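Chemist: Structure in structure tokens, see below.
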Amino acid sequence: MRIHQRLSAFLSICLLALLLGLQADPAQAHGKANVEPKIGILLVTFGTSVPEARKAYATIESKVKAAYPGVELRWAYTSRQIRHKVATEEGLRNASPAGALGRMLDDGFTHVAVQSLHVIPGQEFNDLTAIVEAFGSMPKSFERIVLGPPLLSGPEAMQALAKAVMASVPGLGDREALVLVGHGTHHLASAFYPAMQYYLQQESERAFVGTIESSPSMQDVLADLVKRKIAKAYLVPFLTVAGDHARNDIAGNEPDSWKSQLKAKGIACQPVMRGLAEDPAVVDIWVGQLGLSLKALRDEPKDNG
């Protein structure tokens with residue numbers, strides 16, 4: 001059923017992109033040498049319904065604007081559920097990636113750098129990739145559109161992230177540990193979580209990665225902590241923002257939260273309610289990836305076939 005829903009959604013996106021392209025101003029059609037390039041940035045995140053957590057996006061926006069002044073920046077949420085909840089409860093409307101790109105096309109943008117603010121290249125990133133490819137392949141679209149990878153895009157990014165994360169926490173005592181807790185996925189991209197732990201443990205052997213919904217599981221991490229006789233753990237959300245999952249699944253008082261489960265094993269916990277987007281050094285990784293996309297916009301013209 002979910003496969004049919006995703007296929008239906010993808011076909012709808014392609015149709016929307018095609019219709020927008022057919023309605024576009026002919027002067028904006030690719031291949032027109034007399035059209036002045038109009039470059040834009042679209043930052044795409046899962047989204048959050050927690051207003052306080054949303055402040056983290058301001059850190060990203062300020063960094064991007066400082067790095068690339070004069071380039072217009074827009075946002076999109078990939079989560080339909082979050083978009084609906086925020087609209088219903090707060091009256092705030094956030095665009096979907098397809099909707100945001102459609103408006104940018106209608107507003108005359110010719111070159112767009114789309115930057116994923118997801119942590120891993122999972123299903124949300126796959127869906128975003130399909131949307132970007134749909135806009136990139138239609139006949140009357142942007143001159144060029146480039147998609148930047150999520151945070152965990154390869155060895156260099158993971159190594160840089162490991163250093164940034166370890167620099168943001170106090171020095172660990174002999175029986176203390178750092179535990180990054182991510183969302184988790186049953187997508188093949190789940191392999192990035194143990195890979196990230198490998199790079200973290202190059203910085204500290206008492207740094208671990210776990211997930212809320214997949215592997216490495218809470219029980220996997222607990223077993224490691226008990227084996228190493230850890231007395232205190234810093235629980236850090238391995239999430240773009242410290243939203244609902246961070247407040248409830250990680251640091252909540254419910255019996256099944258990470259904090260409660262570790263305490264039940266005699267391990268003192270100190271939740272650190274800070275999303276990755278609140279760490280300037282982590283945001284610099286995304287900003288650097290965006291810079292490569294902006295360079296590609298200028299260096300590689302769109303292939304007209």
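Here the Cβ of each residue, glycine as well, is placed from N, Cα and C on the backbone.
All TrEMBL annotations are machine predictions without curation.
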Chemist: The Co(2+) site in TrEMBL lists H183, H245. Which one of E143, E156, E213, E278 belongs there according to the record?
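Modeler: Among the candidates, TrEMBL records only E213 at this Co(2+) site.
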Chemist: Rounded to the nearest angstrom, how far is the Cα of H183 (active site, proton acceptor) from the Cα of H245 (Co(2+) binding site)?
Modeler: 8
Chemist: DSSP on H183 (active site, proton acceptor), three-state: which is it?
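Modeler: The three-state answer is coil.
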Chemist: Taking the Cβ of H183 (active site, proton acceptor) as the reference point, list residues of the same chain whose Cβ is under 8 angstroms away and which are at least six residues distant in sequence.
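Modeler: Looking at Cβ-Cβ distances below 8 Å from H183 (active site, proton acceptor), excluding near sequence neighbours, one finds V119, T211, I212, E213, F238, L239, H245.
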Chemist: Within the same chain, and leaving aside H183, E213, H245, name every residue whose CB is within 8 angstroms of the centroid of the CB atoms belonging to the recorded Co(2+) site, in sequence order.
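Modeler: Once H183, E213, H245 are set aside, the remaining close residues are G182, G184, T211, I212, L239, D249.
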